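Read the structure below first, then the notes.
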């Protein structure tokens, strides 16, 4: 049984990986570098053109959104704007009063808006692809041409201060560096304080030509509190003071750049492509005139900074740059030379790139013919050529490998048909032919996944998969009558309509509302079903309709179902808003407790969270009949759970403190969370050793890990989390129909994702979970990553783990059916991504949905595998309905 399940699980996972290899492509990086010899300089001592400045100061204020700086913004209608707008008065005054010395503009980031990808774009001038967001926490040195290497190649020195991501990207290039780790989003001050400690002494040194300072406090403040919080006002004012002091150190030969690498949403998150996330601020200042062409003012893309910096300091523009220089910085005479150099650099790049992507050659050749036939000193013509090349390259970097996508989908179909065959086949016997086919498919899939995408392997996989689909489909058709029932057919049709509706972007945006409606509909059906069963069983005892209804209404079953329906409706309060839900109003339950500016609302959240966890502990104590109350270890376990409740209460209580006060208790807060983890691990080990059967093991394990889950997910979603745990354990007491109970559990796992304040978008990833009980910049990154995954997919884990308990009659069979419906859902999402790959919203809606759904299937496969292993170790001794 376990072997067949693992065979299916591996097949589904490999199908997903093959599909994403074709859907989520990475662009090809070229290992070529520009040099001074590429361009004939018009000035004997120059590399490409005469330099405008000798030195530059480059200040990156992480997550500095455009409206944080804009002196003309009117945020009176924006809630909380007094905390983040007009909080940099010195910088705003400089923009208003020195228009020829100060350039201010929107600074457009190309998504994904994660810091690592933005730094790559800011230094190499290249555009990221969607999948690059996954590398944000795995920084490696840059392998393509960039401004840092180019400056070093011309014999100039670079000093760096701040976020250690830069040192990961450029480990040996800095003359001097002062860096600190950057991933502790709860730490607003350490990196900034370190930068300030060294910044002004470094400014006095004469041995650098580029000084880079990367401040993190604004970004971390956004993650922790959101922009509409007093701490944000303090951070912005600090940055304003720093910039004012830097301007006092400038001379005529030095230019200052201040910029954000991305923005942030209303909740302080980033990673997606909304305007709030992509529109950062850009300010340039010098004692000499730098704004020459006011009429050409446009929004500046971040990649445009690369050729601009290169030409202002006169070093070669990086080979792979696709940015266009910022024309305002160049006088009329210099603009012609600069524009020509930029255009030739981009032309040279696309000529090399097209050799790797020959399908682009026709359109590139058409653009280059216009370029060659034009006047090279025509600035507008050069700008038009570069703009057209940018458009072609953006399109090319969102291309797909249709063969891999096709093979991934066919692999999925093959696994689904094989899955149906195994469920329809009453015999547990697996034929030699079946083993041979499955082994061949998996080996070829592994070859593709590991990078060997030779056409003959893909073609071989196509043939084997087609044969396998036909073979198992025929076998299944001969045995389907033994497995298909009326209940299963109705359920299959219902789930089919649900999966097909995922092709609508509106459904994906409002999926939580649809799921909530479906769950409440199933609850009403269950109430009606219980009413019919109750009437049949009590026909003789209840003579009148009045007595019948009175007795039924007072029954525990009806009470449980009505309470469940009300709880599902209440859970909508805890749902998170996403950008496309224009009418959605975020509640104070989503986000961090510290980010809630209203003290009364903070207290409501805190009290509700505390009430939920203590009520849960009491409920488990009251209804857990599997616990041996005469055992000393059992009672010790129960007593330790109250210690966990106390530690959680203290942990949340400390979140109510102002940040300055909280810093004094930071270590104690960490210990509280770690104590909860230690007790949870101890109690889980105890249950695994002493549990008599799977029922007692599941209830005991959920009871043991519930404090850890609660502290990871936070006080804001304590109530829906508690409701989900209790429902998973006690659902079989109130719904007698196995199929209805099964479908309701499946829907609960999906809706639980939204009720626990998630959405399938990158900016909604709860990074704060990585630091619950884990010190900042923990060296083993797998542990923080696991906490984030547990936070996101808690509902899938809970439902999968408790499924055998809820479906206690033939639990192995229901485990296979649960994997089937989840796999079919993932196939529908992947199929939608394939069909909608040219849809306007593919990267905003369908691609993130695919990524989250693919990971959820992997979580389900792993959890169900563990459940099967535990079922083998601790079989269920009681079958049927629980009393």
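Every residue gets a Cβ built from N, Cα and C, even glycine.
Here TrEMBL flags 6-25 (among others) as transmembrane segment.
TrEMBL lists 430-449 (among others) with the feature transmembrane segment.
Here the transmembrane segment (507-528) has Cβ contacts under 8 Å with residues 498, 501, 558, 561-562, 564-565, 568-569, 571-572, 575, 578, 580-581, 734-735, 737, 740, 743-744, 747-748, 750-751, 754-755, 760, 845-846, 849 of the same chain, all six or more residues outside its ends. The feature transmembrane segment is assigned by TrEMBL to 507-528 (among others).
Note on the transmembrane segment (603-621): residues 588-589, 593, 596, 638, 641-642, 645, 648-649, 652-653, 656, 699, 703, 706-707, 710, 714-716, 718-719, 721-722, 725-726 of its chain, located 6 or more positions outside it, place their CB under 8 angstroms from a CB of the stretch. Under the heading transmembrane segment, TrEMBL lists 603-621 (among others).
Annotation source TrEMBL lists transmembrane segment at 636-656 (among others).
Summarising the annotation, TrEMBL assigns transmembrane segment to 708-731 (among others).
Here TrEMBL flags 743-762 (among others) as transmembrane segment.
The transmembrane segment annotation in TrEMBL covers 782-803 (among others).
Residues annotated as transmembrane segment in TrEMBL: 815-835 (among others). Sequence-distant contacts of the transmembrane segment (815-835) (same chain, six or more residues past either end, CB-CB distance under 8 Å): 5, 8-9, 12, 16, 19, 23, 405, 408-409, 412-413, 415-416, 419-420, 422-423, 495, 498-500, 502-503, 742, 745-746, 800, 803-804, 842, 846-847, 849-850, 853-854, 856-857, 860-861, 864, 867-868.
Annotated transmembrane segment per TrEMBL: 850-871 (among others), in sequence order.
In terms of C-beta pairs under 8 Å, the stretch of 6-25, 636-656, 708-731, 782-803, 850-871 lying closest in packing to the transmembrane segment (430-449) is 6-25. Distant neighbours of the transmembrane segment (708-731): 560, 564, 567, 570-571, 574, 588-593, 605-606, 608-610, 612-613, 615-616, 619, 623, 644, 647-648, 651-652, 655, 673, 676-677, 680, 698-699, 702, 741, 744-745, 748, 752, 755-757, 768-769, 772-773, 787, 790-791, 794-795, 798-799, 802, 805-806; these residues of the same chain sit at least 6 beyond its ends, with a Cβ under 8 Å from one of its Cβ atoms. For the transmembrane segment (782-803), the most Cβ-contacting stretch among 6-25, 636-656, 850-871 is 850-871 (pairs under 8 Å).
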